[in-house]
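Trainee: The structure's right below; bear with me while I get my questions together.
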Amino acid sequence: MTTSTENVVLHVADVHKTFGGLHALSDIDLQIEEGKTHAIIGPNGAGKSTLLNVVVGRLAPTRGAVVFDGKVLTGKQPHEINQVGVARVFQTPEIFPDLSVLQNVMAPAFAKRDGSFKLNFLSSLDDEHQIRKEAEEMLEDIGLSEQKLMKAGSLSRGDKRRMELAMCLMQHPKLLLLDEPTAGMSRHDTNTTIELLKKIKERGMTKVIIEHDMHVVFSLADKISVLAGGRIIAEGTPEEVRNNPKVQEAYLGGAH
Amino acid sequence: MNFQGIFSMSRKDLTTLVIFSIVVLALPIWLQPFGAAYPDLMQKFAIFGILAIGFNILFGLTGYLSFGHAAFLGVGSYTAVWTFKLFSMNPIPALIFAVILSGLFALLIGYVSLRRSGIYFSILTLAFAQMSYNLAYSVLTPITNGETGLQLEAGDPRVLDSMFVAEEAGLPVSNFFGIEMSGIPGFYFCAIFLILGFFITQRIFASPFGMMLRGIKSNQTRMNYTGFNTRPYTLTAFVISGMYAGLAGGLMAVTDPLAGAERMQWTASGEIVLMTILGGVGTLVGPVIGAWLIKYFENIFSSFNESVLHNLFGFLPDGVEGFVVELTSMFVGEGWHLTLGLVFVLVVTFLPGGMMEGYRRITTLFTGGGGDGDKKAKADDTQTQPAE
């Protein structure tokens, strides 16, 4: 690795994951630097989502470890991993469909402020002015103010994704993991999301993005890792990756 | 603008509480025309109302369907009767012990059952409740007096009472500093607990804790990835609702100081589920309405017999009358469960949100026409008034 390890905030160290006889991930060694946007690309079935699931604790690696901010995440529960500052946006939005949009965005702020459990059943939601204000500002930012009292389940797919992103941002995570944040979005929505993600980048939040859309990847990523067959076959700046013949063969098909 | 919304909501809760209290306290008046204003039935209204709103904190908010809540009811009753026997006929210590013990019992059962969700959770609670029933019925006979049920006896120590009150002949009646807990005073005693329980439920519904419980029902995965440890949340909800059931069981013993194992049987657990669904799961007043309807119909329909039916259909020609009486007699008396089943099927099919959904549909029918705006307003409605 050419980078100094001081700035590495997430280190996926020598991770293997097998399902039965299938090697979903082999020898994955990934170092994500603080404040950078790191894209992971690769053809379908390359193991991108498996990798993300290992990081957030949904899957336990067969071998190896994930270290975040000096803490070993391997073996921790999803809520514990979130509590150390890792938030995740899913490929299919995971939201609270029965709660209002505003409540969806408020809930993560409670987890951030009160920890993983607090027995506050005699206080009133109405008295949480600070969290409500933050949530309303966030909704303003992503353009969902008008829908704040609607049930989140009745939002359009694109709006759900934006709201899920907003939910993660409410926690000011140190690391944000995005699993195809623009999949299924219109060109317009995609561009809005790119702008939003660029804004977060300016705030210095570290991001790992899994993405199919090369337009999104090349407009956001500082660094790209290319995954194919469960291995990292190339890594570098967008320019390096774009010009790497191995990558063109495996993934871009020479189109770029 | 936003703040106005906030205040109007809490004012709305206050209004609901005031109206609810008036309705409950005025039960002896407005039940007169329905022929249901007798103390025994009204005590049941209050007690089963407490049971249903407590159950709703678990089922309505977290979505965990317990099929074993009758166990906590039973524990509450047995504890209360034992407190009467050992310490005092005053209902307050009996209720305190009933709530604490059923809460501990709920902690134990919930700790194990909540390791699973969905149908497996329901089956686990059902299994625990049936085990409790069988324990109470046979194994624990020294404590529960088995088949006969636990009763007061002349030789009970009642250490506190014997210090302050002169022993009277015959079996004592539970009394709240001299007020006997039967009849109308007994009803009002229970009614105060119903209002108190309703108030606490309102607070839970409007609290961040309540929102987290709804979040668990809505999407448990998101809760975990948002940094919430859902287990303590569900366990707390389980224990709180178990304590409500214990309170209800304790009040049963207060108004009628005996406790039997049949109170813990699975049919009793099923009845609680029916009440909640019939009234409206996840709504504040729905479960109370469901409890009242079931208890009302249980009393009215089960008291009908053939002669009542003959009087009712006396105006019909002889042959037809015989046929109609024959037909309807299947649905009354012992067969009132058939009526309950039919009503339940109809409600679940046409009003999945229970009576409260029916109420909401009627009000929207009168207040506004169709159209997109209406649809949106409806969504707003469910947001600002989850309490309904």
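Glycine residues also receive a Cβ, built from the backbone N, Cα and C atoms like all the rest.
The shown structure was predicted, so the numbers you read here are calculated from the model rather than taken from an experiment.
What TrEMBL shows for this protein is this:
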TRANSMEM  B:17-38  transmembrane segment
TRANSMEM  B:45-72  transmembrane segment
TRANSMEM  B:92-112  transmembrane segment
TRANSMEM  B:119-140  transmembrane segment
TRANSMEM  B:186-213  transmembrane segment
TRANSMEM  B:233-252  transmembrane segment
TRANSMEM  B:272-293  transmembrane segment
TRANSMEM  B:336-355  transmembrane segment
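Relative to the rest of the structure, where do these features sit?
Mentor: Sequence-distant contacts of the transmembrane segment (B:92-112) (same chain, six or more residues past either end, CB-CB distance under 8 Å): 68, 71-73, 75-77, 79-84, 124-125, 128, 160, 174, 176, 193, 234-235, 238-239, 241-243, 245-247, 249-251, 253-254.
When Cβ-Cβ distances below 8 Å are used as the criterion, the transmembrane segment (B:272-293) is approached by residues 16, 20, 45, 48-49, 51-53, 55-56, 59-61, 65, 67, 69-70, 194, 198, 201-202, 205, 245, 340, 343-344, 347-348, 353-357, 386-388 of the same chain, each at least six residues removed from its ends.
Sequence-distant contacts of the transmembrane segment (B:336-355) (same chain, at least 6 residues past either end, Cβ-Cβ under 8 Å): 274, 277-281, 283, 286, 289-290, 293-294, 297-298, 301-302, 304, 330, 361.
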Trainee: Would you mind listing the long-range same-chain contacts of the transmembrane segment (B:119-140), meaning Cβ under 8 Å and 6+ residues beyond its ends?
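Mentor: Counting only partners 6 or more residues beyond its ends, the transmembrane segment (B:119-140) has Cβ contacts under 8 Å with 64-71, 74-75, 78, 109, 112-113, 146-147, 261, 264-266, 269.
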Trainee: Within the same chain, where does the transmembrane segment (B:233-252) have neighbours whose Cβ lies under 8 angstroms from its own Cβ atoms, ignoring anything closer than 6 residues to its ends? I mean 6 or more beyond.
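Mentor: Those are 43, 46-48, 50-51, 53-59, 61-62, 64, 66, 69-70, 72-80, 91, 94-95, 97-103, 105-107, 109-111, 113-114, 189-190, 193, 197, 204, 209, 212-213, 216, 259, 263, 272, in sequence order.
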